[in-house]
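J.: Per Swiss-Prot, the features are:
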- 147: active site (ACT_SITE)
- 146, 150, 225: Zn(2+) binding site (BINDING)
- 5-25: transmembrane segment (TRANSMEM)
- 41-61: transmembrane segment (TRANSMEM)
- 161-181: transmembrane segment (TRANSMEM)
- 196-216: transmembrane segment (TRANSMEM)
């Protein structure tokens, strides 16, 4: 976790340097200063706003998941199915060389599972009753291995940091655009104060930039799913992972296809997401056919 935070901090420093250089080369700093805009302070403000919400969400992610899905965390297995589930997660965590995550079950007809938590050593793997009833043990093991890989790769932290970075730029650029629009349409005597043009420009640009930011985050999420599939194949076996995805494909193409939307923020961390369709650029998961083909290309 700390390695990723360090790397993202370096990335932010590099971005700040390049942004400052870009503004200076285009002499935008003169224009910004002329209108009383301290862009360096604005950028720091944007970072605070951009990252605060992301880190709070990460810190309480396990609690949120438990509340949203009413997850039954298995402290002591009460039946054979729970015992097998806990033992399988423990074995996969051992193979991945990470601390045993909490294991839980949530009541839902969706065939899905997800991992969440603020770090590799403080995570939760939850499975639906739907997946337990519709998949065999080999397939479930593949799904669990996929989720363990998400934890091992630190995907929850990385996604949070990436979201914080794009949030920062959305906040920063939308306010710069707002200032520009306000000065463009205001009369000279009105330029000493912020007018309606600022708020209108900021609001519209936040929507547009937010959409572009979502496309970037979704693209990274799709790449992350391919890595989690490959890691799942390494931990549980390629055939188990392929079998699990083929079963998911069969279910999603049937009449019983269902995605539980009680906590949309967790959808990106599930084994399966809603198909992208026209909005494929915003899909957090690649098409199942592509994921299966990627696994089939892995050497035995």
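In case you wondered, yes, glycine gets a Cβ from its N, Cα and C as well.
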J.: State the non-local partners of the transmembrane segment (41-61) in its own chain: residues 6+ outside its ends, Cβ under 8 Å from one of its Cβ atoms.
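T.: Non-local partners: 12, 16, 19, 116-118, 156-157, 160-161, 163-172, 175-176, 265.
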J.: Measuring Cα to Cα, how many Å separate residue 225 (Zn(2+) binding site) from the residue listed as 'active site'?
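T.: Their Cα atoms are separated by 10 Å.
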